[in-house]
């Protein structure tokens with residue numbers, strides 16, 4: 001709405017402020033029908049300025065914008081409740097408010113109703129028996145539900161009960177018979193209650209009506225048992241029903257019987273007469289001559305079969321199930337054994353036989369009827385008939401099929417605590433509606449007012465069939481309890497909280513746990529522990545007694561009371577074993593006796609360096625270091641391991657020394673040796689070794705200097721054949737001069753690993769491959785290669801290989817080409833077996849020779865750990881192998897230009913950077929390295945023979 005203010009210059013529109021007005025809201029009753037996808041809670045309003053919206057639920061503020069399950073609309077008070085199967089918690093009375101600065105508009109109250117599925121109560125109805133002509137009333141008593149309600153009377157086969165002036169239904173749903181007739185007899189009168197707004201129909205258990213006709217008058221006769229006739233003084237009167245005997249004497253004693261018969265059967269009744277001192281001189285009997293006689297004083301004898309009767313001992317039970325499930329009816333019977341196998345159990349539904357049914361959903365087996373995927377049309381009465389040729393027995397069960405929607409359980413009700421016994425109480429409750437999904441468990445929560453008020457925490461869980469629990473509580477806590485239920489849909493809302501119950505105070509039940517001892521400084525010991533939680537204090541005034549003493553020297557405990565959860569012990573000796581215990585205490589007393597733990601006081605740096613440090617140069621890029629352990633009294637703490645620091649002083653081509661970058665390797669644990677790789681060839685190095693603990697490094701050992709030799713970078717033997725091999729190599733990474741050539745030497749090794757004469761060849765500098773011929777077959781050779789400059793030849797690298805006999809395989813190929821007829825001859829088969837055996841022997845010989853050249857001790861393998869890279873077996877040869885961890889020969893060797901000083905053969909690791917590299921306790925490398933490989937070499941010194 002607007003108005004205009006008239007001025008001489010122009011027209012200026014003015015906005016008029018307006019109170020908020022609710023223009024649209026949801027109806028007073030909004031029913032959550034299960035088949036709808038969502039339910040809008042509408043609230044639209046106008047006003048100037050535009051109003052802000054808020055909601056209340058059951059009189060308390062409710063903010064739909066804070067609930068992620070709800071859908072809210074911009075510039076509107078409307079929110080939408082999606083039908084996610086969990087609607088019960090949204091049930092309640094809502095009201096919408098629209099507010100601006102002028103005032104507030106309020107909607108009418110909107111009730112959001114989540115309907116329960118109506119149910120008829122479970123009851124057992126006895127058959128109604130009436131005589132012809134009497135009136136009958138069948139009561140329906142429908143359950144409450146969302147109106148409108150529609151009542152129908154039908155049979156189990158869903159046939160309507162015909163109504164007329166004699167049979168009619170009242171406004172209350174009852175079915176009235178003004179006078180019963182014989183055809184009214186049936187056992188399946190069913191009342192159906194329909195609730196169309198929630199699309200639900202429920203059925204009451206079937207009722208049975210039996211209408212009896214008038215009984216024909218029986219004929220009565222009297223007999224005295226054991227006699228042909230009655231006494232002469234006996235008089236029968238009242239149409240034979242009254243027997244009178246006068247002038248009684250002892251002869252009248254005995255057993256009398258009256259028999260009443262009509263076309264429907266007969267019944268007998270006995271009377272006993274004892275004659276004593278007579279007061280009266282007569283007696284009379286009245287015979288109840290009707291087949292409907294009942295009474296505790298009458299005894300009857302009926303006719304019976306001569307065989308044991310057929311009897312159903314385990315009848316089927318009534319079932320009420322959900323549509324789509326699978327059900328079973330069981331019917332077990334007993335019958336006379338003399339009948340043999342002539343016995344059967346038959347099933348009927350509403351008078352229709354099920355045995356032999358073509359419906360695949362009906363399964364019958366040994367007295368069990370199974371129905372798969374039950375539908376609404378399956379409900380009705382199912383009859384089990386146990387039949388023999390002599391007799392039969394019957395039992396009836398009703399199947400009710402319902403269509404329901406599931407929801408979380410309602411909150412438990414009447415939650416109370418009782419049987420208070422200090423720190424123990426009993427909690428009881430009444431379960432809420434489970435909404436057609438059985439409750440699986442109840443969860444008990446507690447809230448206490450002192451430490452975390454308003455915070456609910458889980459205390460315990462109990463099975464869904466328990467409605468009480470015994471609670472064990474902490475002392476000195478003011479408790480409240482509540483309970484919620486869980487079913488297959490989810491967690492229900494919690495119950496109302498109980499009244500508070502405060503437990504009495506007591507001494508602590510436990511002492512601190514997770515005690516940690518740390519020594520950050522040499523003469524201190526820092527004790528820390530996990531404190532008791534506030535609820536574990538059990539009373540006011542919680543403190544901790546910290547006790548400690550040196551172990552093994554007879555000291556008394558030193559004790560300190562603290563309120564925090566740490567304590568610093570000062571002026572302790574360095575790295576001494578202490579005993580420590582911590583005990584909790586409050587105003588009510590001490591906690592239990594604490595456990596004693598042991599720990600060391602603070603560590604200091606190791607005070608001694610490793611001694612007897614020795615270096616063994618293994619090749620031009622690798623060396624081994626050994627040292628003596630630092631004594632444990634000098635470690636001043638737990639040994640962490642040893643560190644090796646080394647640096648390059650100079651190239652051996654340059655006399656000037658320069659301190660290169662320092663490299664540090666870390667080896668954990670009790671080690672006394674290590675292998676350092678990645679060195680530069682033809683260089684001088686220096687190194688020190690130091691021990692370390694958690695405090696840090698100890699002093700370094702005296703520096704040890706060593707030199708690395710020069711050598712080729714790679715040397716391998718390939719293409720091994722019967723009389724020749726191929727050798728390949730590459731020049732060294734650091735030639736330290738101009739390469740002028742190579743010297744190759746080789747020698748034969750026999751089974752005892754003694755060396756034959758040494759053969760030498762000079763090779764030009766530009767070559768990197770050589771085909772060596774005229775070797776012996778199936779023989780082991782060792783090859784040496786050195787690189788030479790103007791200054792001389794460097795140390796040699798070596799390889800061992802065994803030649804093979806490939807002609808064996810050519811022979812096999814030739815034999816295979818012979819005419820196929822020979823393969824059938826016995827001599828040929830024997831020859832082939834011999835060749836196969838010879839081949840196996842050759843393979844074994846190659847394997848043995850290989851192993852002889854490649855074994856080394858476990859200790860030496862540890863020194864070289866981690867495993868060094870080695871090439872695999874050459875696919876083009878018969879028995880070539882590679883073993884780069886070979887030890888040098890154990891026997892004497894002829895020199896090349898002198899003696900050979902052995903070194904382990906193996907690929908080196910790369911040059912290290914300036915950062916520390918670390919090894920595990922077993923010596924495995926955990927630092928970083930790149931990909932250069934140097935083949936291990938042999939150092940040449942002089943003409944004397946040496947043992948590697």
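Backbone N, Cα and C define each Cβ position, glycine as well.
TrEMBL does not curate its annotations; it predicts them automatically.
From the options 451-471, 472-492, 493-513, the stretch TrEMBL describes as region 'Disordered' is 493-513.
Residue ranges 827-848, 849-870, 871-892 are listed, and TrEMBL annotates 827-848 among them as transmembrane segment.
For the domain 'Fibronectin type-III' (609-711), the number of residues in each DSSP class (helix H, G, I; strand E, B; coil) is 3 helix, 52 strand, 48 coil.
With a cut-off of 8 Å between Cβ atoms, the residues of this chain six or more beyond the region 'Disordered' (493-513) that come close are 88-89, 408, 410-413, 415-417, 420, 422-423, 425, 427, 429, 445, 447, 449, 456, 473-484, 529-532, 536-540, 542, 544, 565, 582-592, 594-595.
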